[in-house]
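Step one of this worksheet: look at the structure below.
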Amino acid sequence: MASSSVVLLFFFFLCAPITSFLTEKKTFIFRVNSGLKPSVFSTHYHWYSSEFTEGPRILHLYDTVFHGFSATVTPDDAEILRNHPAVLAVFQDQRRELHTTRSPQFLGLRNQKGLWSNSDYGSDVIIGVLDTGIWPERRSFSDLNLGPIPKRWKGVCQTGARFNVRNCNRKLIGARFFAKGQQAAVIGGINKTVEFLSPRDADGHGTHTASTAAGRQSFRANMAGYASGVAKGVAPKARIAAYKVCWKDSGCLDSDILAAFDAAVSDGVDIISISIGGGDGISSPYYLDPIAIGSYGAASMGVFVSSSAGNDGPNGMSVTNLAPWVTTVGAGTIDRDFPGDVVLGDGHRLRGVSLYSGVPLNGRMFPVVYPGKRGMLAASLCMENSLDPNLVRGKIVICDRGSNPRVAKGLVVKKAGGVGMILANAVTNGEGLVGDAHLIPACNVGSNAGDRIKAYVSNHPNPIATIDFRGTVIGVKPAPVVASFSGRGPNGLNPEILKPDLIAPGVNILAAWTDAVGPTGIVSDHRKTEFNILSGTSMACPHVSGAAALLKSAHPDWSPAAIRSAMMTTASLVDNLNRTLIDESTGKRSTPYDFGSGHLNLGRAIDPGLVYDITNDDYIAFLCSIGYETKTIQVITRTPVRCPRRRPLPENLNYPSITALFPTSKRGLLSKTLFRTVTNVGESEVVYRVRIESPRGVTVTVKPSRLVFTSAVKKRSFAVTVTVDTKNLVLGESGATFGSVMWSDGGRHVVRSSVVVTQIDPL
């Protein structure tokens, strides 16, 4: 009788009056309580297509990291379905954006030594890359001397335009593409004149990130002569599975991303690398964020997920991909640079960078002009058709950075008759420089240098300049430096969790490239290159993905949280001058809001001593602690949950960093006690002692001060009490003050946790 009632109730919703036949349809994602499927339906697809929507309108069926489906319906129909008793949540498909060699050595990896040796270069670990696809013919994806494909692999090599089963091998063991969301959202469907309806990469971004994470060794690698040498990924023997979710000129849609998460976990990947996120540093709540939902499903099944922190730095609270089960990666520089200096007629030389490889200026001086001098914003930015040929012909043109692509500005200058370009950073970009493969003689200079050049042009009757391209320089100091564009904390959703987690190389990274477009990616660039040099947290993320593959290979029993902990607690806080990491945008000392726990240091991460592990139950307790109702939590977790009667503190999630928040409304002496548990993964008989660096104006105590581990006792807990006197509390420019708690065994193990103390109003 109960079953009949359920069916009748579903029939009521199916037959509910639909009054929106003429309303434009959109794609929505429906989270369904799969346990309510009536027994009369043999499959969930049968249920969804019969009771929720017509079969042809269903785009994706989700059944691994998420239960439900995506479909094209009118907004009115979506609202009707939202009230269905089996529907837990409905959200509209949203568009995401991509967060767009020497770096493995810079991380402390050496041939036949350390983590590369102990992990056999990541052999048999499978990295799933959710991106723009892959160009399979590149040397980076050769399967020479690799063993058989791991038997646990259940994925496929999906065929399509210019992609067949022979494009996969023992290195690239799987490839899929997810286009149904795009096809439904884009009028006329995907533009097949610039795209491949297949896993083949028409953009280049996916080929670059995949080879950064796990590319094979390639000799004589370079981009137009720059960065010459041997290129290889962080885990060169790891296997790659490419999941194409982003499409040239149309971005990445949530419905396709979620389908790729579902497939990747079902296929059997160990690591998921996703250099995708929302723009403008805006993050949705976890239950409305398919990347957070998909990554939770993956992490709950033992899959490590790394994501990019976004490129909206140096603005505060610009970090994205904030879920605590995701490892969020910011970007730093490496000790390699591509100097292209501006030499002024008065003899001053101002530092810049460039990847220009055409005919050099050879010291010849040209008149230099700044179109923005006349107060024309479009001209100052060198927007299309904004330059007066009579003003710029035969001259080097100063263009302000912003609004349109950097390389495109040079083409505007060329079209107007200019001979070169000086790309000047805005104040918001600071001193952060990015090398581009310009099509005319051009370089990028920092904000201060730009102001100096503009002042020279303004004050000199006949200003002249040239650009000196100096090729590749290695051994640059200081390095690493926190990239100016890297997404910054604090965490805009839950400031109790420090984000980003850490930084990794993300500036001027050499990796494999597609043959479909030139190195700049613009339509008029017809150059071909096997490798390209890109910058972005998109480039930093796959470094951590590859690092996770090495750690997973060396420690197959470690959980995703343990792997992240190993990276975070051993991260480096100093550069190659042994000074605190510098913020590229300001030239000042950076903080944990910029770099999280520090810069990835794989030489130490393989043997961290202690790890902060986190279980699925811990994550559920965290979601309860931030006020989510049980139905809302089930949108993320797939299964019903129960929250404790007494709400836990979000700060007590067993995270490798520690944040203590105090309300601004309270004054005087305030105190808060937080708890952590560490697991010994080193020598069985060992004693750790605490060392505390208290933030300025703060007292931090830890009890107990000694942790004794034996073969029978692998876990120990401790309490961290943070006490502040608001009258004496001194917060820095970022609105917080910082310290650390370190556990040391007196030998090689120092397990460090960043401590953040701030006053903040409840969100």
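Just so it is clear, glycine is given a Cβ too, placed from its N, Cα and C backbone atoms.
Feature annotation from TrEMBL assigns signal peptide to 1-20. The domain 'Inhibitor I9' annotation in TrEMBL covers 33-99. Per TrEMBL, domain 'Peptidase S8/S53' is recorded for 122-582. Marked as active site, charge relay system by TrEMBL: D131, H205, S538. As annotated by TrEMBL, domain 'PA' applies to 367-453. The feature domain 'Subtilisin-like protease fibronectin type-III' is assigned by TrEMBL to 652-757.
Fewest other C-beta atoms within 10 Å: among the active-site residues D131, H205, S538, that description fits H205. Within the domain 'Subtilisin-like protease fibronectin type-III' (652-757), the DSSP-based counts of helix, strand and coil residues read 1 helix, 63 strand, 42 coil. Across the structure, S538 (active site, charge relay system) and H205 (active site, charge relay system) are spaced 8 Å apart at their Cα atoms. Across the structure, D131 (active site, charge relay system) and H205 (active site, charge relay system) place their CA atoms 7 angstrom apart.
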